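Below is one structure, written out as structure tokens, with a few remarks after it.
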Amino acid sequence: MNRLPDDYDPYAVEEPSDEEPALSSSEDEVDVLLHGTPDQKRKLIRECLTGESESSSEDEFEKEMEAELNSTMKTMEDKLSSLGTGSSSGNGKVATAPTRYYDDIYFDSDSEDEDRAVQVTKKKKKKQHKIPTNDELLYDPEKDNRDQAWVDAQRRGYHGLGPQRSRQQQPVPNSDAVLNCPACMTTLCLDCQRHESYKTQYRAMFVMNCSINKEEVLRYKASENRKKRRVHKKMRSNREDAAEKAETDVEEIYHPVMCTECSTEVAVYDKDEVFHFFNVLASHS
């Protein structure tokens, strides 16, 4: 009986595996075609027909896909750019204000050195300075002038100055103050006269944003305000003294005046249609 050698290993298998077949000989290729997996057969057929491995073919495929993607993106960008220029200049549906620029005189300099530099670069294209819009400035420079013109027109209308006269013949009437509501700052009067004795009181005939409460009546005795007339009583006759005494007993009637925005009482209204303001904020002009 033959004896096995000492270095014999019954588990050693020297055959090539199915996953990584040795494709160096024709027998291995036949074995792959007969017993290999579909992936192994596909790789073998591709290599035999094209002479290229799987990795090289995949690189070529990726290059083709990338080139196709680039061409597609370029085509789409060209279409978008053509649509943008066509909509802005062709149909003109979206109307935009024309861009305004400053005059060159605003940027002229009196310096001789700068004038020489300007002469050197005179042939170059002049740089235009764009005038920013009110939206870009977040400010309207002409708003104050328009508001002042409106106030002046209101004051002229109060005094019967018509628009047919020129501005030189229409001086703006003087006003002691512009009256505002102390609670909500609403403008109440643009043309008023200040009281001679009480500096915080004003009277006016033309008001705005004011409502008169005719249902409520305020009574005030006039005799207290006419004490100074008693100095001249000795110079008058008895008939005049009796008439004055009857007049002093008459009460003056007023109606309260409220702000239309917040209903704050700001003035009183007398029988002569004159407003007497006592609870206001005055902007002295």
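Each residue, glycine too, has its Cβ placed from N, Cα and C.
Within the list S17, S26, S81, the entry that Swiss-Prot describes as phosphoserine is S17. The feature region 'Disordered', as given by Swiss-Prot for the ranges 1-30, 151-180, 211-240, sits at 1-30.
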